[in-house]
């Protein structure tokens with residue numbers, strides 16, 4: 001771990017106050033580490049300046065893998081490795097291969113995307129997160145400000161900016 | 001004033017705050033189980049234990065212990081299989097299709113419905129596996145694995161194999177979708193446990209929540225994942241029962257060989273699935289005191305879906321009858337004449353009464369907003385849908401092309417026992433879920449408290465008051 005890290009933690013009661021607060025805090029030059037919410041707040045990623053997630057691309061690529069895997073498997077198994085006449089159909093006949101191809105496309109796409117999500121979001125069963133405020137999963141929106149990223153500003157200055165932006169309380173949090 | 005909008009009823013009643021949501025829903029997980037829960041668990045366990053004995057006997061002696069004969073080779077097993085798979089459909093419909101259509105009323109019912117889907121699919125899968133007789137070889141035969149018979153592979157031209165892929169994909173994707181939704185809610189229980197000083201619970205739920213924190217970036221990705229999973233599951237919902245129907249439709253048995261089967265089976269599945277969701281939720285909301293989250297409005301909307309799908313099913317029955325006559329195929333015509341008039345007419349007419357007539361009662365507002373009526377009708381619909389599958393399977397098989405082999409099907413104790421086994425399994429699993437997992441998606445319900453609850457109504461949205469005034 002890094003050396004001691006100091007954070008200022010602003011607590012917001014309402015998602016609309018939070019949304020306008022984030023904009024004014026960013027305009028005042030304070031860098032926000034992250035905002036933690038009990039539920040998804042729509043538009044928060046935009047005001048925080050986050051880029052759109054690329055998970056849809058991952059899902060598409062995994063889906064494509066599923067399609068090719070399914071087609072290769074069926075064509076090779078029934079067409080070349082052990083060709084058998086079934087109901088007078090061609091050895092390689094695409095229509096009956098569609099259901100399995102569709103299912104494997106969906107399966108690989110879903111599993112691959114979810115695994116990617118878990119990895120990029122650092123979600124693991126044995127990981128205890130660094131919690132800034134336990135109420136962030138209950139009913140409060142919690143904004144963490146890393147003091148190391150805001151050298152130019154004093155604690156009291158940032159506190160007053162947070163208060164002005166609508167934070168109902170501002171606390172300090174230290175991690176070792 | 002207690003009116004939130006002139007257009008829509010509030011989705012959460014009782015003036016709940018965001019904090020109340022965490023409290024009301026986590027409380028079941030934190031407290032000890034109620035007497036009612038233990039009673040229900042005891043009854044389910046008895047079913048499970050008796051059923052388990054029947055399953056063991058079946059595996060020891062083979063499928064001969066069932067009442068199947070040379071003519072009727074599929075009976076209760078496949079009836080139950082199709083019935084359970086159908087039950088599962090409502091869960092994915094609620095979580096996927098209604099999410100894509102931005103139906104916010106799905107939010108307090110999706111968790112329980114998805115759990116129902118998963119347990120129902122597990123129950124369904126036991127039947128084809130048992131029917132293979134040698135369960136331990138079942139997986140090996142059904143999957144394209146290298147084997148000892150040279151390079152003999154599974155037959156990808158067979159709808160039965162498509163079923164294996166469809167059901168297992170459906171199960172896996174539904175499970176993942178359900179679990180992804182549970183992650184933020186496990187974190188709520190973890191943090192409450194830390195505050196209460198229960199570190200054992202905190203550690204267990206932290207492991208279950210994968211260390212969820214709820215950062216804005218994670219929520220953004222999470223929503224993107226949920227939306228794509230919904231997009232992937234939507235065709236999956238339609239494909240699964242379509243493929244199940246192809247088990248019948250691609251055959252040449254009169255009464256099965258029908259192109260209407262795929263859409264008709266899907267509608268029937270959603271119909272029976274919603275009935276089962278209603279049966280379960282009407283009990284859950286009372287036992288766990290969740291009346292403010294699962295309101296009469298939710299029940300009414302589900303009943304409307306039952307009217308729609310029930311009517312589709314009714315139209316399909318009549319279409320089948322018409323086509324059997326209009327096609328001029330005498331075997332097809334006889335299959336349907338035999339259904340309506342033959343020795344299984346009682347099953348056919350039970351199906352017609354339960355599925356075609358009973359849901360039409362929901363046109364009456366008083367009935368579709370009545371808890372008692374909804375509960376009774378939801379059970380009637382499920383009975384009717386079981387008969388539908390029974391009628392399709394057994395009446396088409398018991399009189400085949402050769403009258404000398406015509407026969408009847410009589411279930412044995414083991415047929416009944418395995419059905420009871422799945423009931424025991426399903427209800428034990430659902431009760432454990434209801435005790436240890438949050439039954440309502442807290443994060444989603446919290447996100448609509450501001451716009452969809454009674455509370456905000458009068459206080460914070462002055463525009464609404466104006467429109468109320470003009471309305472009254």
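Backbone N, Cα and C define each Cβ position, glycine as well.
A TrEMBL annotation is a machine prediction, not a hand-curated record.
Looking at B:327-345, B:346-364, the range annotated in TrEMBL as transmembrane segment turns out to be B:346-364.
The stretch in B:81-101, B:113-140, B:160-182, B:346-364, B:371-399 that contributes the largest number of Cβ pairs under 8 Å to the transmembrane segment (B:36-61) is B:113-140. Counted as Cβ pairs under 8 Å, contacts with the transmembrane segment (B:225-244) are highest for B:160-182 among B:113-140, B:160-182, B:264-283.
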